[in-house]
Every structure is written in structure tokens, then in C-alpha cells.
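Feature annotations, reproduced from TrEMBL:
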- B:135-195: region 'Disordered' (REGION)
- B:135-147: compositional bias 'Polar residues' (COMPBIAS)
- B:185-195: compositional bias 'Basic and acidic residues' (COMPBIAS)
- B:230-264: domain 'tRNA intron endonuclease N-terminal' (DOMAIN)
- B:274-358: domain 'tRNA intron endonuclease catalytic' (DOMAIN)
- B:304: active site (ACT_SITE)
- B:312: active site (ACT_SITE)
- B:351: active site (ACT_SITE)
């Protein structure tokens, strides 16, 4: 069941009754993270703290600002996909979470800077799950009643203010007509006021205990990588890793019909130079697709790269081996 | 949501051609003098080519069929863009470096035939002796005509006069778009038909290749070492349309003319999806569009309103085949990425992407496809694919 709520993301303490009181301290400090120069990750040695990747299905997401800063410094860009609380109905500026490409998440895991985190719903049996659901709904109910009462108070206050202003105006001008409808409304408010469920503000907690624990707890919390690695992902990951090692920054190129957009530096400072299309060595592409993407590349002033990892048949492993990638560039002649 | 918006075809800024009546309808006043010509094409290797210049030009001008192999579309390859009158004919003028290049080609061609080096050199030496073609008496005339601008060939080898018939381009009685774009597009006069038999050329002997003033250059008449005869290449759909629908072309293979059924069989064997792509071609021609090859943009056809010289292409068509429930093995399986790329490039060049679904009835047996009669049983459905950008849509609604 999906309810439409005004959702705001805030770094609020997790309402878990079991309570990790130790984390309350750090979480409340996280609220001031953007303003505070010393963030949590800097307070602790960065070797211990892992970037916490949560999965929504197969999509890797980052929720914490400290994680996002760290992975940006490594060169993983990602894309913001959350809506902003104050400006929900637009997608020009988006907020957290940061969605990572599969390849970016794999790279972070390979370099041991990140691990997948365990979601509370994943573990536990049916009973605990329904218990958690009941608690959550009870919490919503109490929050609703509270907000109802607050909204009623607010509305009464507004009406009283209007009434007072009108009475002041009447005293000055000497007429007495418009005060009564408002007084009637005020009196009827207690019975007639309805606070719709959909107007309720719901808070979702985004702070987690995080991977700032000792290694035993970390292994307890981390989980298996939920993404299956098929051949397609292996090809793309090989190319991604090779281009990253060469010092490029890569983002997704879905708009251009390619796999990656390759930037010589941070995407905020440069335009993309290449559109990378990852195909395996023995894959066949229809000629019209090659023509279309080469023409597109020339129109948007980027070079199209066909990238294929060189297959190492002697290793016989199904995981990708770090090896060479073959690049071919396509350009439409007689066009700039 | 968005509704389908049909854009009017975009006129080109400069039109250099005159619109003639498409094949085979002739509206000349001298109808009795004009006999019905059956054009001749040859099936050479895998190509249908028309080599007779008298057939090439009408085929292109009246319906924009085919493509000149040395040109961008219209077969207008010439040995040179500069011509001089010598006696009673106009000869092309080429620079000495160009002449040397052609000698190199001639040498390579002779060597390919298996002749020895010495005989090749001897043959070329004979070829390069200057030809006396009354050029001496005419050089004074050449010098006096050098004052004229270079691209104005004012020889009397017959300029076609300005078209005497009614101007159908831009005339509101015939052209519904003339009201939308009332200005008559700029027209340059048709260049004269020059005999490019290519036997003789005038070679500039001066060192400077960029000499504008021809009176300084010594022109010498030589034999053309390597004449390139341009021919018109027709695609299979165009050739079959001319054979089957208009009946004004006959295709020869190894000297003998092929019947309509034979042409159909040959084309089907050479091109795997010829049935559906021809069905789409025939359909769009019947509607008045000029379909040309869409290889440049990664599709099957580009649709032009009257022809490529007059309008920019309006639609970029991908032909797909399916059965009556609109399902079936796709001729060209799109992945999400390839469709995004195609849609994006089509948008960037201001065209619209159209899928043309050729619907074959369920009971159509394989052997029914052996005859062009099966075309009656196809029906076609057009689908226009456009990109929807959510943020743009929202902003427009806010403005309202």
C-alpha cells in the first residue's frame, strides 16, 4: 500500500526502541555536518570507515553526505535522484540519495572502500517483520494525532488574527458586518476541521549506525553483494576500471545511447570528450546502429569509443581479469 | 499528455533546380513529339546502374531516382568547373597537377592490364603529345573572354533559356505550402548541358595552380588520359518501382532484359528484407513522398516532400515487419540504448523518427512471397517516435 506523503529527509535519530544510544551522539552531530567542518569521517581514521552502500533492489545508493564526499574525492560521480523537501515538483535540482552505477559500486567494493549494508528488514522472520510494521503504523498514528492538534491550533490562531484585524478596522471605520462569519467559522472549527492524512508530514530516517565499528561488527553488518555478475556487467566493469585507471571520470551516458560519458576531469569543470560504448570482442553490432551513434557523436562534438576488453581465455575464470581493453574511435568525416 | 504535432516540411534556403513533372507523366506542350521512353538499366555485380546520359538525367530530374556515383546526389560530375571555347566546342580546363594525377591513374590502369613498364611509358608518351585543335587561332578569343567572370560560360554551345512553362515552384495554385512560405526560393539558371565526352582537355601549363587570370596561363590541348564517366546508381526499391509501378525502366542482365517476376526474384535473393522495404517504398511514393536512402542517419529511408533539392527531409523511417497482432520477430532489434541514440540523432538533425510497420497477414505462405502480387496483401502502419523530456513538459505547463 503506497501512501502519498510529504516526505522530508532529515538526519533524525532512528526511532528504534532497542536504541543504539551510542549512535545518538554521532547522529546529532551529523545534523550539523554540512556546517561543521569536522565531519564524522574525518574524526575517525579513514581506513576503518567504509562507505555504506544500501541497495534498493539492485540499485546501489548512498545516503550519507560524508560517504558522498569521500567517493567524489576518489572519482566516483554518481547521480542524485532524490527529491528536495522544499521543492518537490521539479527535477532540475535533486537531492540525496546518490545513485551509483553498478560499475562504480563494484569498484568501490574492490578497492575495499565500501561494503553493502544490511537493511533491518532483510534479516528476521515474518513475525519480527509484522511487528516492525505494526510499530511503524502506530508511530504514524500518534504523529498524525499530534499534527492534527497542531494544525487545528494554527488555523484557530490565523482566524483569530483575521478577526482582530477586522475588529480594529471596524472600530476605525465604524461598520460592523464582516466579523460575524469569521466568528461562526471559528466556533464551528472544532467540529468541522479535518486534517487530511495525505497532508501529514512524514519523517524518514537516513542515519544509520554506519561502518565505523570494529571489524567484527562490520562483518556482522555487511551482506553479500546482491547484484548478479553477468557477462554484460563484466564487460562494462572491465572498461570502467581501465578508464578510471587512466585517470578519467565517468558517468552514465543513457541520453546518448552509449554506456559511459568520459570526462578528462571532474564533470563540473569539463565537457565530456568521449562516449564509450562497451561491447565484447565477439559481439555483432548492426551497421545502422554504428552509423547512428557515430553521427550522433559528431553532432554533439564527442568522439565515440568502441571499447572491448581483451578476452583472456587461458584463465578460465568467470570473473573479469584486469587486462587490456581495446579502443576504437569513430568519427564522421567531413563533419567537425 | 502530448498530442501528435505534425511539422510542415522545411524549405531549403536556396533552390537551384527546377521542379519537373515526375515520371511518367509528361505535361509538355509538345506531347505528340515525345515518345514514351523505356529507360535502360544494367544489373552489374550487385548494383543497378544506368549509364546512358540521356537516361540518367530524366530519371533523376523527374522523381529524384538514384544517385550519381561521383556526386552527392544529382549526377553532376564534370571533368572541370572551368570551360573554354575552342572552335565549336567547350573544353574543360584542368591544372597541370590534375593532369599529372590523371596520367598516374592511366598508368596504373595500363599496368593492371598486364602490360610491361616500357610499353606503358611509350603509350603514355603518345598520349601526352599536344593536340593541335585550332587552338592557336582561338587563343585571342580566349584571352578576351578572360575578363568575364569565371563561372559564367558564355559560349554559344546553347544555354537553356529560362523555363517558359508556368513556374510550379512557389505558385499557390499548385503548391499548398506556398501560402506558408510565400517567397519564391532563389533560383539560379540551369547550367548548360555540356558535352563531356571527355576526349580532349585543356591543360594549364603555368606553375601557379591558383592563377585566377587565365590569360596568363598557356593552355594546351591534350587528350584526356583518364575519362571518368559517371553513371547513376539505383537502389533495388527504386529500380523495382520504376519497373513494376511505373513501367518505364527495363533491367538488363548480361545483355538480356529481365521480366518483372525475374527482377523481383533476383532482388529478393540479393537483399533479405526486400519485400517489406519495397512495400514501404511503394507506399510512401504513392503518397507523394520521395524516399531516399537513410543510411546517413542510421535508418532505412528519409522522406522528402518534393525532392531533396527543395525541402529538408521530414521523416526518418525504420521499416519493421510484424504480423496482424503487431508482434513478430523484429528486423532490427532495438535495445534501449540504440533506440535512445537513434531518437537523439533524429532530434538533433530536426527530423522525426517514424516506424513503418509492414503487417503481413497471418496466412501468408512463404511461396506467396515469390511474386510481387503478395504486395496487395500487406498493410502498413506508421508510428512516430519522439523524445519526451519531463522537465521541459512541466515548465511549459507552468507557463500556461
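Just so it is clear, glycine is given a Cβ too, placed from its N, Cα and C backbone atoms.
Not measured: the values here are computed from a predicted model.
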Looking at the active-site residues B:312, B:351, which one has the fewest other Cβ atoms within 10 Å of its own Cβ?
B:312
Among all the protein chains here, how many other CB atoms are within 10 A of the CB of residue B:304 (active site)?
20
For residue B:351 (active site), which of the three DSSP-derived states applies: helix, strand, or coil?
coil
Could you pull the average pLDDT for the domain 'tRNA intron endonuclease catalytic' (B:274-358)?
90
DSSP three-state assignment for residue B:304 (active site):
strand
At the level of the C-alpha atoms, what whole-angstrom distance separates residue B:351 (active site) and residue B:304 (active site)?
11
